[in-house]
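Everything below concerns the one structure shown next.
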Amino acid sequence: MASNFQLSETISPRNQKSRPREEKEEVDYMQRAQWLRAALLGANDGLVTVASLMMGVGSIKEDVKAMLLVGFAGLVAGACSMAIGEFVSVCTQRDIETAQMKRAIENKTSLSAIDEQEEEEKKERLPNPGQAAIASALAFSVGAAMPLLAAVFIENHKVRMAVVAVVATIALVVFGVTGAVLGKTSVVKSSVRVVIGGWMAMALTFGLTKFIGSAAMQI
């Protein structure tokens, strides 16, 4: 009777329901952070750079073609710059981590099966330069395209400037929330940080663009 009771307990529905939860694999947020950082960095840079350039040029010259041309040039140049910069940066990081792993292995006289498994896991977690470069360039293009698309269909200059500013703010909030959700961090803290940082960068770029442009027109 005791053996029958133990058998029925092991195959009970309650135990069967708990097994899938135990077998679920945990998400490696350290691995996710590599491409998430590159993607959010690129998207924020694209949005802030193009939006601030468009508003700066728009404050000097009320010409939608000039705004769009400057914005598109910023998109192409920024995406290429982000891809190359991210690739070089992550390659350097990967080389440093690989060299550190080799030194750690050389210091050990023999590796056990557990040590070899840990080393393989570390190699799998090494940053991928190509993935980071592609994610950064695509994200920059997406972020830069938002103010361009917002301004292209609006003829009134003042309305166009206001729409670009509003779209940039909404996009910054979306980027902050997306990063927090994917990284399992505080949504409020992430959103506030992204919005304030983005607006500080846009204000500085807008001010310098307007100042330099106004001075150049007086020459």
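From the backbone N, Cα and C atoms, a Cβ is placed for every residue, glycine too.
Keep in mind that TrEMBL annotations are predicted by a computer and have not been checked by a curator.
As recorded in TrEMBL, the features of this protein are as follows:
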COMPBIAS  1-15  compositional bias 'Polar residues'
REGION    1-26  region 'Disordered'
TRANSMEM  35-54  transmembrane segment
TRANSMEM  66-84  transmembrane segment
TRANSMEM  132-154  transmembrane segment
TRANSMEM  161-182  transmembrane segment
TRANSMEM  194-213  transmembrane segment
Checklist outcome for this item: Taking the transmembrane segment (161-182) as reference, the highest number of CB pairs under 8 angstroms among 35-54, 132-154, 194-213 goes to 35-54
Item to check | Recorded stretches the transmembrane segment (132-154) and the transmembrane segment (35-54) touching, at least 3 CB pairs under 8 Å | outcome: yes
Checklist outcome for this item: Residues outside the transmembrane segment (194-213) whose C-beta sits under 8 Å from one of its C-beta atoms, at least 6 past its ends, are 44, 47-49, 51-53, 55-57, 59-61, 168-169, 172-173, 175-176, 179
Item to check | Remote residues contacting the transmembrane segment (35-54) - C-beta distance under 8 A, at least 6 residues beyond either end | outcome: 67-68, 70-71, 74-75, 78-79, 82, 86, 90, 128, 131-133, 135-148, 151, 164-165, 167-168, 171-172, 175, 178-179, 182-183, 194, 197-198, 201-206, 209
